[in-house]
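Asker: Right, I'll just put the structure down here and ask away after.
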Amino acid sequence: MHLDRPQKEQLGLGLAGRRGREHEVSLSKPAASSSDMNVLCTYCRAAVLGFLRQFPKAVFTFSICCGFLLNQRYNPAFVSLQMMKHAWDNYKRYAWGLNELKPISKQGHSSNLFGNIQGATIVDALDTLYIMEMKEEFKEAKEWVEKNLDFNVNAEISVFEVNIRFVGGLLSAYYLSGEEVFRKKAVELGEKLLPAFNTPTGIPWALLNIKSGIGRNWPWASGGSSILAEFGTLHLEFVHLSHLSGNPVFAEKVMNIRKVLNRLDKPEGLYPNYLNPSSGQWGQHHVSIGGLGDSFYEYLLKAWLMTDKTDEEGKKMYYDAVQAIETHLIRKSSGGLTYIAEWKGGLLEHKMGHLTCFAGGMFALGADGAPNDRTGHHIELGAEIARTCHESYDRTSMKLGPEAFRFDGGVEAIATRQNEKYYILRPEVIETYMYMWRLTHDPKYRQWGWEAVEALEKHCRVDGGYSGIRDVYNNHESHDDVQQSFFLSETLKYLYLLFSEDDLLPFEHWVFNTEAHPLPVLHKDNGNKEDDQK
């Protein structure tokens, strides 16, 4: 399946002609206090003044629609596009073909998550380049993939990370562009990941040497266990691999994971983070909706949505899990902030990770299918999580969120440990803003997104790209010197979508994998067309 022009228009692709209505205003700095400003809401007035501070000699015309700037040249979506260009251009200049960029050192950076596979930023950014209509950049990225992306390496890789970034990125690039090279590379890589499932239960190893096919688990993971968020975050991509290749083995592997999970008792209805792939039994009874657990729950919901709401098993597993999460993990602080605690053998740790902040968007996205007329409740739950995560940003000096924040010892939504105060360009809070904006159109989510843009530009932008921050509570930046590939794949894409119209990648036609790679909903007619093409 690939998309021709009429299909792209139907699915909300192609940005030409994005429209503004109601008012057109021309402003320069001397006019910024004039009556022309009276047509602007507080958000737009702040945005205009911010632009004029950056470009004091500018005179520009913009349009207003629903209180937000929509002019193609000066709207917030355009700013996120310019951020993407700065990140991409510097990656190309200093680290082309390597996995990631060190923007302070101005050289390449490689994580051991990818073994000897190279080009993580290129593959992760393909769909962002396409969606933003960065055509020349997309063309050069495609050419690199054709000539240089090589999976025939003797290397141990993270099955989870390679799946969500490389397989997901290639699948998305294929569905958006129709370029056959991306489909072929995705299927080739999927085949190389299959030996990870060669365990007594079929629960895959976390780590795999893709040449020898030998797998193992992280040595720190609860007695040789596989991790819920890792083996539970293969489903969307592997179903699409079967769809595009005609080989059912990919879908069979991930459906078997469901069978193993459904045979097991769940403590209080919760899914522990660790499962032994040999015995098929849970490891330590630790439960988290953040790291180690997070995207397992996300993929239950999205598996149902991706099948055009026909995957009833995924739907039931998701809503049953949410009920248990509400009962046992969701709490409200004395200051009125709703948060999701972590569960350790029945005891709660009143801590919430930045990774957990994706859940606000997840609850809202799943609200429409919630049982027992609880749609409004799920939307409100999403809004409360979004507010808490915004507070975690707002209570720092840099207005960027820490890796984790706590609700104990008299503090709320604040990191109290030094090793939790860093920010590595993570997307989860902005992801939730994007979903909440699309599903409620409450303008505060765009306002909060703009605050994040300003903080990223002020504290993370450097000459050589964008860098994470070691301590968001410090008044002076200490950069970690890494531009993560997910900054281009997720953070900047979600910002762009937050400030674009809803018909760009509409939810009824697309689901996003956990690396923000859009995959089309498999409508029955699409599946039949695909079968006819084979």
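Along the chain as shown, the residues are counted starting at 1.
Heads up, the Cβ atoms here are built off N, Cα and C, so glycines get one too.
According to TrEMBL, the record shows the following:
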- GLU161: active site, proton donor (ACT_SITE)
- ASP294: active site (ACT_SITE)
- CYS357-CYS389: disulfide bond (DISULFID)
- GLU403: active site, proton donor (ACT_SITE)
- GLU428: active site (ACT_SITE)
- THR514: Ca(2+) binding site (BINDING)
Asker: Of GLU161, ASP294, CYS357, GLU403, which recorded positions are close to GLU428 (active site), meaning a Cα within 10 Å of its Cα?
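Answerer: Hits: CYS357.
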Asker: Taking only the recorded positions ASP294, CYS357, CYS389, GLU403, THR514, which one has a CA atom nearest to the CA atom of GLU161 (active site, proton donor)?
Answerer: THR514
Asker: List the Cα distance (Å, whole number) between GLU403 (active site, proton donor) and CYS357 (disulfide bond).
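Answerer: A Cα-Cα distance of 10 Å.
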Asker: For the residue listed as 'Ca(2+) binding site', which of the recorded positions ASP294, CYS357, CYS389 has the nearest Cα in space?
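Answerer: Nearest in space to the residue listed as 'Ca(2+) binding site', counting only the recorded positions, is ASP294.
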